[in-house]
Amino acid sequence: MVPKGWPQPVYDFKSNPLTREGIELGRQLFYDTRLSKDGTISCGTCHQQFGAFNTYDHSLSHGYNNSLTTRNAPGLFNLAWQKEFMWDGGINHLDLQPLAPITAENEMAESIQNVLSKLQAEKEYRRLFKAAFGDETITTQKLTKAISQFVLTFVSSNSKYDRVMRGVDTFILPEKLGYEIFKKKCASCHTEPMFTDFSYRNIGMPVDPFLKDLGRMKITNDPVDSLKFKVPSLRNVMRSFPYGHDGRFFSVMSVMEHYRKNMVPDLRTDSMLRNRLPLSNFEIGQLTAFLHTLTDSSFLKNPNLAAPGKGVSTTAPVDIHN
């Protein structure tokens, strides 16, 4: 069911209808470390539920053989409304997304053929694939479609903000003031109700001299896309630190400081930000109060999204910096 006031999803559910069996299979796969070369890394290793399925508390996601990736794994939710994935939009279909981390040398570092062989050798997986897709033959398409079915259930739509929009809750004064400031100074990019417009923007973040990540330009080879990264959703933002494509910001306050005085704008910086974003200390305080209303605790603690047999953390981490 599409939440009230939301647009229709862009994912083609006709090509991969959600079933209880498919979702359960996807859940098993999402948390199975056997998808990695050394059997230590699963999708859920970097995409942690208590952090809105992002990499929590450290800047760069960890991969095979103690390697580091070049980015902070983004949060996973409301994926049915997205057409492109990864910070640079390098994947244009959700069903293709799992192939990238599984095969990347600094992530799970495994070949798809090895993954399929390992799964095919397991009686339980043959049973699960038959229940989900009608026969025991395990293919790449079935693998990725099952994972898609599971992550498509990652819908975050029950924050205080959502309840206010539905008329069943009310903002306190700082939240209300913060919402008004947000609509004036943030909503052009972080558009309601997704709190992102899914665009790619250069926000004046200097390139890291070690990572040398040029963002969207890596995909398009167009210099105009240099240092452009996807606008992240602000839903659950107070639980998904650190921030930025490379996790360089460890608090919401540091993000605000970047926008108001630490940007390094140039001709490729988004036109709305070339003069930085004027924010007073008072406005930052009210904005922060509003951002707290975007936390969806029912999503962060949904047992149906947790690792099978392990349950969810009873206390989601809180950023002591915020």
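Yeah, the Cβs are placed from backbone N, Cα and C, and that goes for glycine too.
Note that the coordinates shown come from a computational prediction; the quantities given were computed from them, not determined experimentally.
Here is what TrEMBL records for this protein:
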BINDING   C43, C46, H47  heme c 1 binding site
BINDING   C186, C189, H190  heme c 2 binding site
DOMAIN    173-295  domain 'Cytochrome c'
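Distribution of TrEMBL features across the structure.
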residue: C43; record: heme c 1 binding site; Cβ contacts under 8 Å, 6 or more apart: L29, F30, Y31, L35, P98, P101, I147
residue: C46; record: heme c 1 binding site; Cβ contacts under 8 Å, 6 or more apart: T55, S61, H62, A73, P101, E107
residue: H47; record: heme c 1 binding site; Cβ contacts under 8 Å, 6 or more apart: F53, N54, T55, A73, G75, L76
residue: C186; record: heme c 2 binding site; Cβ contacts under 8 Å, 6 or more apart: L234, L287
residue: C189; record: heme c 2 binding site; Cβ contacts under 8 Å, 6 or more apart: T196, D197, S199, R201, V231, M272
residue: H190; record: heme c 2 binding site; Cβ contacts under 8 Å, 6 or more apart: F182, T196, D197, V231, S233, L234
Once C186, C189, H190 are set aside, which residues in the chain still have Cβ within 8 Å of the Cβ centroid of the heme c 2 site?
F182, A187, S188, T191, F195, T196, D197, V231, L234
Per DSSP, how many helix, strand and coil residues does the domain 'Cytochrome c' (173-295) have?
49 helix, 8 strand, 66 coil
Can you give me the residues near the recorded heme c 1 site, meaning same chain, not C43, C46, H47 themselves, Cβ no more than 8 Å from the center of the site's Cβ atoms?
F30, S42, G44, T45, Q48, F53, T55, S61, A73, L76, P101
For H47 (heme c 1 binding site), which DSSP three-state class applies?
coil
